[in-house]
Structure formats: structure tokens, C-alpha cells
Ligand code: NDP
């Protein structure tokens, strides 16, 4: 933890680590095999294609790191030792990339939906929200690339923190549970990476500082707070607490993955069975059975339970490890409201009918 607070300034070594990481990811994204998934149809009728080889890229990278560690070329604790230094370097890099995106976006003459520049003239606004929807660099879709970098970065930091904890001899049940839950979440994310291609961030948000900072700094460095905290704080979990924690994780996972999968399947085939039965459909466009018949945005409930399960291994002596579930609660409540507005406008009477049939929002049985 000292390293985390001692060196809050960027360094060339951290920059080298980051550059090597990006180079690997770009190469892996371009050359490793993977399902090529068509993105949503954009307003000009075009659509991008995404090579979903994230899981293979991740496993191969971990394998290569394992060889590097085994042959003593790489230290497994390098990320944990350079915590704050890496964070500040990554922050600086996200600022520089945002400026480059701004400059190249402004000078773009493209008129297609992906690359058409949207300039409001308000410098701060344009920097924050970005100018282009899907900027590319050497054939790599940058939005897809950076979210991948952030999610993998979270797991890599966690693994390094685990190595640090093993080195210090204080790895206990709390640390192991936290590590297993997060690793499963990240692996699952890449297993179902194609679902990402239809999320709000990918289809609607332009690439500016908000996403750059969110992907590169926020996800890997704040989602891993529990691990850093456990390095410094000893928590003795009882067997009952550990079992309860596992149950919360499993229920959260079931709801999160189940709900997102049901919606994804429904959008592809509105006749596909939901929980073994024909789906209840409203206005031929909205699913009102399965998880989506229990509450609107039931998928957010699953994510919140998962987030809670990542923090529970830290016990209740401090609020710091609960940063992630608290942040996610605020974010998802805001997102749910924003999405309700969007769906009310888009689906009109059909949405009103859905709301009547499924009155609870996020939390089942609470109106
Ligand atoms: P959703 O997956 O909930 O997508 C919302 C969209 O789904 C709506 O705009 C509408 O789109 C469609 N929809 C809503 N209700 C129905 C229904 N009953 N039947 C059919 N379609 C419906 O939102 P997000 O993209 O925000 O989230 C995806 C996942 O990512 C969630 O599980 C969320 O928890 C997670 N997430 C995690 C974050 C984190 O930091 N950990 C941050 C943000 C999200 P359409 O117009 O296409 O019909």
C-alpha cells in the first residue's frame, strides 16, 4: 500500500508497461481468431463489425505473463508495487488520447455516422463527450479497444495484488473470495463479449474523456479498491459469512447474466422460449416475462448484488471497500431513469402497457 501513496506521479516505466499492454491488445484484437459480430445499424444504415476474441486474448496474455513470471523476466507484483504511479500515468495517457481524439475529430471530413464530427463549439463539452462516435486507429475500433483494456486491466491489477498478498503471507479467505468473484465476473464478461456490442456505451456514446477516463482509470483502479484494502486490513470471515457471500454472488450472477441473456436472445428471436415457455411479448417489441416480467431492469439488480458480493469479503469495519457498490447503485439508478425516459419516448403506449404489467423498477415486488 505504501507504493500506492508514495509515487503519485507518472513514470517512464509505467508508460512502458502501458504501451506494451496496449500493443499486445491491439495485436491480439487484430490477429487472434474470434466471432465477428455485426454491430447495430447506425443512422446512415452502416454497421461496424466487432471481432469478439477478448477471452482468447485474455487467456493468452495471462499465459504469456505466467511464462514471463516463471522465467523471472517479469515480477508478478509489478502492478501492485506501482499502484499510484501507474494510476497517474494512465490518467495522463487518457488525457493525451482525449486531446488527440479531439484534434483528429475536429479535422475529420468524414460524413458517415461512425466518424462524422459533432462539434458544439463548447471546448469542455466536446472534450468530455467526444466528437466522433466510433473513431478508429490502424483499423482498430478505439471504443471497443479501450473498454477491453479497462476490464482486463482490472483483473491484471487484482492478480498482482493477490501475488503481493501471497508474498506478504497474508492471503486469506477474504482475499481469495474477492479474487475469485472478480475473476469470474471478468472472464464471464469476455465470454459474452458479443453482448457488449449492443450496449449504450458502444452504440450511442461518443469517445471523449468521459469514456477514456472511465475505461482506463475508473474501472481498473477503483473497482480493485477492495483488493488493495485487504492487503492492509485483516478480516477473519466466518464460514457462515463466506457461504452467505457465495450465495449473494451466485444469485447476483444468475439474475445479471440471465436477464441480459434473455433480452439478447429475445431481440434476436422474439419467439425463443423464456424459462421454457413462450415469451410474453408486449407490442411485439418488449419482453414481459422471465426476469423482465419480475421487474424492469432486473439486470441492474443482478449487477448490484454482484458488486455487493465483491465487497462483503472485506467485512463491515470500513466503508472504503464499499466504494464500488455505492457508486454502481448511484450510476444504475441514474441510468434506469435515463433509460425509462428513452423508452417512454421510443415505445410510447407500448411502454406504458409494459409499465402497467411490470410496475416494479429494478427491485421486484416494490412499486
Ligand atoms: P440494458 O441492458 O438494461 O438496456 C436497456 C435497453 O434495453 C432499453 O433502452 C431498451 O432498448 C431495451 N429494453 C428495456 N426493457 C426491455 C424489455 N422489457 N424488453 C426488451 N427490451 C427492453 O442497459 P445497459 O446497456 O445500461 O446495461 C447492460 C448491462 O451492463 C447491465 O446489466 C448493467 O448492469 C451493466 N452495466 C454495468 C456497469 C458497471 O460499471 N459495472 C455500467 C453500466 C452498465 P431498445 O430500444 O433497444 O429496445
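Note that Cβ sites are derived from N, Cα and C of the backbone, with glycine treated the same way.
TrEMBL tags one of the stretches 145-163, 278-296, 335-353 as transmembrane segment, and that stretch is 145-163.
Within the chain, the transmembrane segment (12-32) has long-range Cβ neighbours (under 8 A, six or more residues past its boundaries) at 51, 53, 56-57, 60-61, 64, 78-79, 82, 85-86, 88-90, 93, 138-140, 144-145, 148-149, 152-153. Note on the transmembrane segment (241-259): residues 173, 177, 181, 184-185, 188, 192, 290-292, 298-299, 301-309, 312-313 of its chain, located 6 or more positions outside it, place their CB under 8 angstroms from a CB of the stretch. Long-range contacts of the transmembrane segment (207-229) within its own chain (CB-CB distance under 8 A, at least 6 residues past either end) are made by residues 1, 4, 83, 87, 90-91, 93-95, 97-98, 101-102, 126-135, 142-143, 146-147, 149-151, 153-154, 156-158, 161-162, 175, 178-179, 182, 201, 310-311, 313-314, 318, 320-321, 323-324, 327.
If one looks beyond the transmembrane segment (145-163) by at least 6 residues along the same chain, the residues whose Cβ comes under 8 Å of a Cβ in the stretch are 21-22, 25-26, 29, 54, 57-58, 61-62, 65, 76-80, 171, 175, 178-179, 182-183, 186, 189-190, 193, 196, 201-202, 207, 211-212, 214-216, 218-221, 223-224, 227-228, 230-231. Distant neighbours of the transmembrane segment (53-74): 24-25, 28-29, 32-35, 148, 151-152, 155-156, 159, 186-187, 189-191, 193; these residues of the same chain sit at least 6 beyond its ends, with a Cβ under 8 Å from one of its Cβ atoms.
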